[in-house]
Amino acid sequence: MAKAKFQRTKPHVNIGTIGHVDHGKTTLTAAITKVLHDKFPDLNETKAFDQIDNAPEERQRGITINIAHVEYQTDKRHYAHVDAPGHADYIKNMITGAAQMDGAILVVAATDGPMPQTREHVLLARQVGVPYILVALNKADAVDDEELLELVEMEVRELLAAQEFDEDAPVVRVSALKALEGDAKWVASVEELMNAVDESIPDPVRETDKPFLMPVEDVFTITGRGTVVTGRVERGVINVNEEVEIVGIRPSTTKTTVTGVEMFRKLLDQGQAGDNVGLLLRGVKREDVERGQVVTKPGTTTPHTEFEGQVYILSKDEGGRHTPFFNNYRPQFYFRTTDVTGVVTLPEGTEMVMPGDNTNISVKLIQPVAMDEGLRFAIREGGRTVGAGRVTKIIK
């Protein structure tokens, strides 16, 4: 059968399955691919449980994560779905942003109700900015007592509300295993779940619709034309003759105008999110710009030196530190394209952080960095990655 062409016509949405180990995240992922394949055979491939469970290793910011990616389509949307089988993999994925989610399906076994990892996953989803969560109450075939199902549903709603997620989110009773076996009643439950995903997870804001930002990777001079900065456009669109600001690393912000946009040595009218471009800047000297700064739409990005972050510290086996660190630890924080040294303050009551831990820290950088909440970073010691994190709150 011919492969269905990737149509740009449908909105593309990134989702994932989260929840306690053994509650059926991977089985549900497999069931979704099978049910959608049977419903729309020309749009979807079916993926067996073991294809998803033996998730390939990926490296993100120097950290190895096991994570499975599957794709599928409904009538309305094209989905990229991630499933991190292990608890540690889930935590690492959320913090490093190996796979960002526009929404998540929280899988809770009706037989157990919310468990410690269920809570931890929802908390982490809040901290890393997952916009929406809905619920698959799995293994519902194994619970005959309607009151018990309602009780579990209530507990899950309280858990969502506690982390400021929508407590009226859809909670769909499913049996992933029975759906995989082709049981008509439970196949219908997975179809109902996917309808709920279509309806409840909001369309993501496309990167091109956000204000322009490009991290500077390189700076050079073209004789007779001026200074060019190169990098990959992170978000937004830049047109020739638009004003920009150069932000970060230095104490003051520089204003200038983009007089040319080049890509693959060709002149363009504009560059957009995802493009690797060179920007010609009017009246800017070679020494006025450096790697680590960002070129951005005026007034949309500010430099900061103090922030709070959620971090994952690599274990010794992952190539991380062999020893814990304490208050006033001074590593480098790698933001986008450059390292900046910072001083770490641990949360009250935390004496030290062990390799393999995830925790909140406060950081004071020695140079300002253009940042927003949600920006990701690596923690390095002399170029070696020892951790990864995400800005959860800007202090100054």
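In case you wondered, yes, glycine gets a Cβ from its N, Cα and C as well.
Counting only same-chain residues six or more apart in sequence, the Cβ atoms lying under 8 angstroms from the Cβ of Asp22 (GTP binding site) belong to Ala109. In the three-state DSSP assignment, the secondary structure recorded for Asp22 (GTP binding site) is coil. Sequence annotations record features per position, and here Swiss-Prot assigns GTP binding site to 19-26, 83-87, 138-141 based on sequence analysis.
If you draw a 10 Å sphere around the CB of Thr26 (Mg(2+) binding site), it holds 22 other CB atoms from the protein chains shown. Sequence annotations record features per position, and here Swiss-Prot assigns Mg(2+) binding site to Thr26 based on sequence analysis.
Per Swiss-Prot, domain 'tr-type G' is recorded for 10-205.
Long-range contacts of the region 'G1' (19-26) within its own chain (CB-CB distance under 8 A, at least 6 residues past either end) are made by residues 49, 52-53, 68, 83, 85-87, 106-109, 112, 114-118, 121, 138-139, 176-177. Residues or ranges marked as region 'G1' in Swiss-Prot: 19-26.
With a cut-off of 8 Å between Cβ atoms, the residues of this chain six or more beyond the region 'G2' (62-66) that come close are 55-56, 84-86, 89, 92-93, 96, 98, 312, 314, 318-319, 378, 384-385, 388. Marked as region 'G2' by Swiss-Prot: 62-66.
Positions annotated as region 'G3' by Swiss-Prot: 83-86. For the region 'G3' (83-86), residue counts in helix, strand and coil come to 0 helix, 1 strand, 3 coil, using DSSP.
Only residues 6 or more beyond the boundaries of the region 'G4' (138-141), in the same chain, are considered here, and those with a CB under 8 A from a CB of the stretch are 23-24, 27-28, 107-111, 149, 173-178, 186, 189. Taken from Swiss-Prot, the feature region 'G4' covers 138-141.
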Would you count the other C-beta atoms found within 10 angstroms of the C-beta of Lys25 (GTP binding site) for me?
27
With every protein chain in view, how many other Cβ atoms are within 10 Å of the Cβ of Ala140 (GTP binding site)?
21
Quick one, of the binding-site residues Gly19, Ala84, His87, which Cβ has the fewest other Cβ within 10 Å?
His87
Could you tell me how many residues in the region 'G2' (62-66) are helical, how many are strand and how many are coil under DSSP?
0 helix, 4 strand, 1 coil
